[in-house]
Amino acid sequence: MKKNSIKLNYFFNLLYQLLSIIIPVITTPYLSRVLSPKGIGEYNYSFSITTLFMILSVLGSHGYAQREIAFNQNNKEKISKLFFEILIIRLIACLITTPIFFYVAITQQKYSNLLLSQYIMILSTIFDISWFFQGLEEFKKLAIRNISLKIITTIAIFIFVNKDSDLIIYSLLMSISLLMSSLTMWPYCRDYIEIISLKKINIRQHFRPILMFFIPVSAVYIYTSVDKILLGVLANDIEVGYYSQADRIVRLLLTVITSLGTVLLPRIANLLSNKDTLKVKSEIKKSILFVSFIGFPMCGGLIAISPIMIPWFLGKDFQASVLLVQFLSSLTLILGFSSVTGQAVLIPLKKQNFYTVTVILGAIINIVGNFILVPHFLSLGSVISTLISEVLVCALQTVVVFKILNLNYREIFIESKDYIIGSIIMTITLSLLVLKLEVSTFDLLITVLTGFIIYFSYLLITKNILVINLIKNIRTKKFKSN
């Protein structure tokens, strides 16, 4: 089977991820003002509960199936058999979780309508086959599908969601969009699979490895989503709204970095199956440097411009989210590194047990931290708990990956120092500049542009190899086009 290059895969995945940033940049300010912190909080509280049941319906099949498809890309019979076995497992899991979800939805009277509207999302897990195309490294098809549906959903939001009482309509739109994104990939399947006899189907063989994937997926959910549930229980919907929007802004920017881990996983899996360890080390090192190149200035920039960006972006009602964004900005680095070391390396290396232990430990620390800190610090308590757990998980995973692949900490740090120093200079300058600026579109653009110029000017002065190569590539392509 012909494979797309990692650059092409990253391009298509990045294209979708960029749209995933651009569209919320358009919709989030609108929804924040229309639905208010309370409405945003109610939706995110109910969605966190729904997400739990979606995870139970998927189990750990997504990551496991993607890995197995990647290992057997050139064996049509094997990937066809795996395709149908995973579908059957998901169907069974969804049938089991459905009555439990309806019980929870009915007993949560305040959120019943929202939860019932989100059941469509749980149903969509049966039909979601994105794992199949990710394993085959067919990111172009996924990107085209996702981009089309994102645009349609965005238009629908502006047409149908106009006041705070339209919260249920917004929930339905998001649910239907997810279902449609799952269904639209099915016509492409016939090019890659063949019909398998029921006698050859054996779902039992997948239970143990899927369970091993399910445990860390559940743990990741706990320290990324359960904090919203705990905030709703220990505090109120408004605090959930403040935290959700701050978290959303940071994770929107994170998609540029974490998309690299998504396309790296099948490639690393394939390289390992061919025992090409040197190539694996090269890919990981380049990926870590790329995370540093983008992550450090992104972190510093968020800290500096949040005082004018948040009121401009979310509205004055979300002033409390400024401090939360400044704290959460470090996730651009922490999760960036984790997406490379954890998602892209430990899983293909089949170090699932260690991966599981790290995320379970992170989940436990997050839950305990929320119970201790939220009653005293409200949404800031959730932020601190999240940071502590994510730092621990990232550190443990990075240490083990560096040891397995014999990567040199000092070498990578030295090659990253330009990004660190350039980001510090940029952050200090922007922080001083923001003190003199107003909350306006013009002032925000000036601040962002200034930060961009400072950072890249420093990299040019220090003759950073990544930037130099980037300029050479641009000049080469321009020369060829002429």
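Residue 1 is the first one shown; counting continues down the chain.
Just so you know, glycine gets a Cβ as well, placed from its N, Cα and C.
Sequence annotations record features per position, and here TrEMBL assigns transmembrane segment to 43-61 (among others).
Annotation source TrEMBL lists transmembrane segment at 82-106 (among others). Tertiary proximity for the transmembrane segment (82-106) is limited to same-chain residues at least six positions away from its ends with a CB under 8 Å from its CB atoms, namely 49-50, 53, 56-59, 61, 65, 68-69, 72, 112, 115-116, 119, 122-123, 125-126, 128-129, 131-132, 189, 193, 196, 201-203, 206, 210.
The transmembrane segment annotation in TrEMBL covers 118-136 (among others).
Among the features that TrEMBL reports, transmembrane segment is placed at 143-161 (among others).
The transmembrane segment feature in TrEMBL is assigned to 167-189 (among others).
For 210-226 (among others), the entry in TrEMBL reads transmembrane segment.
For 249-268 (among others), the entry in TrEMBL reads transmembrane segment.
Annotation source TrEMBL lists transmembrane segment at 320-342 (among others).
Here TrEMBL flags 354-378 (among others) as transmembrane segment.
Proximity of distant same-chain residues to the transmembrane segment (384-407), defined by a Cβ-Cβ separation under 8 Å and at least 6 residues beyond the stretch ends, is recorded for 223-224, 227, 277, 280-281, 284-285, 327-328, 330-331, 334-335, 337-338, 341-342, 345-346, 349, 351, 354-355, 358-359, 361-363, 365-366, 368-370, 373-374, 377. Per TrEMBL, transmembrane segment is recorded for 384-407 (among others).
Annotation comment: TrEMBL describes 419-439 (among others) as transmembrane segment.
Taken from TrEMBL, the feature transmembrane segment applies to 445-471 (among others).
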Segment-segment contact (the transmembrane segment (143-161); the transmembrane segment (167-189)) at 3 or more Cβ pairs under 8 Å: yes
Stretch of maximal Cβ-Cβ contact with the transmembrane segment (167-189) [cut-off: under 8 Å; candidates 118-136, 210-226, 354-378, 445-471]: 118-136
